[in-house]
Amino acid sequence: MKRLTLGVGILCCLLAIVACSQKTRQMETPEYDKGINIIPLPKELTETGESFTLDSKTKIIVAAEELKPIAEFLAGKLQASADLSPEILIGDEPTSNSIYIGVDPMLTLKEEGYTLQSGKKGVIIKGKSAHGAFYGMQSLLQLLPSEVESPKEVALAWEIPGVDIQDEPRFGYRGFMLDVCRHFLSVDEVKKHIDIMAMFKINRFHWHLTEDQAWRIEIKKYPRLTEVGSTRTEGDGTEYAGFYTQDEVREVVRYAAERFITVIPEIELPGHALAALAAYPQLACYPRDFKPRIIWGVEQDVYCAGKDSVFSFIQDVIDEVAPLFPGEYFHIGGDECPKDRWKTCPLCQKRIRENGLKDEHELQSYFIRRAEEMLQKHGKKLIGWDEILEGGLAPSATVMSWRGEEGGVAAANMNHDVIMTPMSGGLYINFYHGDPTVEPVSIGGSSSLQTVYEYNPLPKELPADKHHYVLGAQVNLWAEYLYTADLYDYHAYPHMLALAEATWSPLDKKNYEDFCRRLENASVRMDMHGINYHIPQPEQPNGSSGFVAFTDSVKLTFTTSRPIKMVYTLDESEPTPESAAYTAPLEFTESGILKIRSVMAGGKMSPVRTIRVEKQAYSPAMDVPGAKPGLTTRTAHGNFYDVPDLAQATSWRVGSITSFGEMVKEQLVNSLDEVQRSAVEATGYVLIPEDGVYEFSTDNSEFWIDNVKLIDNVGEVKKYSRKNSSRALQKGYHPIKTIWVGAVQGGWPTYWSSRNILIRRAGEEKFAPITAEMLFR
C-alpha cells in the first residue's frame, strides 16, 4: 500500500512538472509580440525600461463617471483573454498596481490627443478629452501581447513595457468608406469593421447606402424603396437582397459612437439612383418599368431635376435619415451623373431657363444647392464627391476628392474643406493589391500597401496657408466584386491600417519597413476578430501562370507585394510554415508540380498557388493547303450563362471573321435587354512565327490549341484572365478554337470583355493580341 501511495505521489509530481513545462512554453513571448508595435505610430514615444505586469489585484481607476465605459471596454478585453476581472473605481489619483484613466483639458494636444506613462507601479492615461482617453486605452491594448484581442483565455504573461507617450493625430478626419449596395453586409459584419477601425484610431465611418444596384436603408414614408429597390435578380437568375431597418441603423450608430466613431450616411443624388427609380418611376425624366441595375457602371436614368416632386421626395428622405445620424456630416454623392436625360427633358430645360442657368452642369449645381438647404434645416454639413465642383460649388460644401488631387486643391483654394481620397494615392482599396492573375477578380487599378502608407493628404500644389482646409483622408471600399464578407475583409485590411498611420503619425516619423514589422503583430490581433486580411501571394514576374511549359529547363522566380516569407513543396503536399523556404529561383529540368504560399510571422498562410511545370516537345505544326485569312464562326442565340448551357443550343449560324474582335458586334450599355443573347465559337488556325514556348491569355470562356483546352475560364468572372497558360509550339499552323458566351457574370457583362487572344513568347515581358495576319481558316 505504501509503495502504491509513493508511486501515485511520484506520478503527480511528474504531471505537475509537465504541466509547468507546458505553461512555461506557452508563456514564451512570440517573435511578433516583441518590441513596441503600436499602429498608428505615436507622435512621441520613449521606452523607460520598467515594465508593469497585470495580475488579479490590478485595478482600473477612472477620474469621472463618463470614463467608465472606456474602463469597461478595457476590462472586457482582459476578462476574455487574460481571465482577469479588474475592479473599476472612480478616483482622482492613480494607486500602485492600477491603470488610471483621466481627462486633462489643459494638455497642449489636439482634442483626440493623449499621454500614456507605464512603469512598474502601473499605467497612467490622460486624454485631452474622453476621445483622447479612449485612444490612449487602445494604445495600451497594443502594448500588451496581441492575444489580448482573443475572445478566450490565453496563457501568457500580461506585461506592459515601460513607455512615455505623447500622442495626437496629424489629421482630424481619418475615414473608411464601406459600400453595402453592390453587395451587402449584415449588421454584425458591419460592427466587425467598426471594431477594427476603433483599434487603429480610424474615426469616420462613411456608409454608402444607396446606388443604382440597391437601396439599403428603410424609409418609412416610401416603403417601396426597400420592398423593390433593395432586391435585384442577378445574371444567373438568383435573387440578391438586403437592407437595414431604421432600428438596425440606430444600433450601428450607437455601436460606433461607443468607440468614438462618427457614422456619415451617403444618399446618392442626383445620379446613381436607379434603385429608387425602380421603386418610384415617376421620379425619372422619362418613367418606365425600371429595375435595380444588375451590372456595374453608370446608369443614364437619374432623378429628374425639373420635377418639384423629386425635391419633395429628397426632402422627405433627408427628414427621415438625418435624425438617425447625430454627426455633423451628410454625404449626398453628386458623382457620375450623366446629363443625357436632362438635355432632352422639357421640364429640366424649363428649370434651366427659369433659373438663369447656363447648362446641365449648372443644373446639377442647382440640385446640390437645394439638397444643401434641406440638410441645413437639420444642422448638417454637406459632403459630395468632387463632381460637385462642376457648375459651381454649394456655399458650405465639403469636397471629397477622388478623381485625383485636383478637385481637392481647387476646393481648398476656394476656402472649402476637403477630404482627400484619390485613386492615384491607392485609396481605392477595392483595386488590386497584387498581380491580377493570382488575386481575386477586382474592378482594376492598383492599390499597393506601400502606396497607401506613403500617401500624404497635403498636395504639393496646395499653398501652405490653405493646408488647414484639408481635414484628412479616407480609404474607399467599393463592392462591385466583393461577393462575400471575406472579400470585404481581404480588400480592407491591412490597407486601412496604412491609412491610419498616413493620417495620424508625423510625416517625418513614418517608416514603411518598420510598419511592416508592426503589421505582423497587428495581423494576429485581426486573427482574433476573424478578419480575412490580405496576405501577399507569391507572384511571377510580368504576370503569373499556373501552367508553365518548357523544352529544356526553366527557372521560376517569385516575389511578393511586400516582404514576407515564402515556403514551397515539390511532392504535391500542402506547404506548411515549416516547409522549405523560397530563397532563390527554382530550376526545373523535368515535369513537376510546385506548391508555394506565403506565411506570416504568426503562422497564418496565404492561399496555396499550384503551378504545373511540364517538359514538352514542340507540338507539331499542320500542313494547311489553301489556307485563307480569317476564322470560321458558329453563333447560337439563347439565354446562355456559360459553356455548359450550350448543350441547349438548337441551331447554329455559320459565318466568318477576320479577327477575334469581330466575334460579337452588338454593344451593351445598361442592360441585357439591349442585345440579342448569343454565344460564339470561332475556329481556325494560328500561324506561329518560329519554334518556341508561347503563353496565351484571354477573357473568353475557353481557348483551345492543337485540340488541347489550354484556358478554361468557366466559372470565372471574365474581366481579367487568371488562367494564363503556355505550350511549346513548332513554327507553322496550329488549330485553335475559342468560345465566348454573352452573359452577366458577377455583375460583369461579357459584352464588355475583349474577345482577343493574347500571346507572348517565353521570356517576353508583354502580351500582344493575335493579329488578323496570324489567323487562317
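Heads up, the Cβ atoms here are built off N, Cα and C, so glycines get one too.
Just so you know, TrEMBL annotations are computer predictions that nobody has curated.
Here is what TrEMBL says about this protein:
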- GLU336: active site, proton donor (ACT_SITE)
- 627-765: domain 'PA14' (DOMAIN)
- 1-21: signal peptide (SIGNAL)
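Remark: secondary structure over the domain 'PA14' (627-765) totals 15 helix, 64 strand, 60 coil, with classes taken from DSSP. In the predicted model, the domain 'PA14' (627-765) has a mean pLDDT of 96.
Note on GLU336 (active site, proton donor): other Cβ atoms within 10 Å of its Cβ, all shown chains, come to 16.
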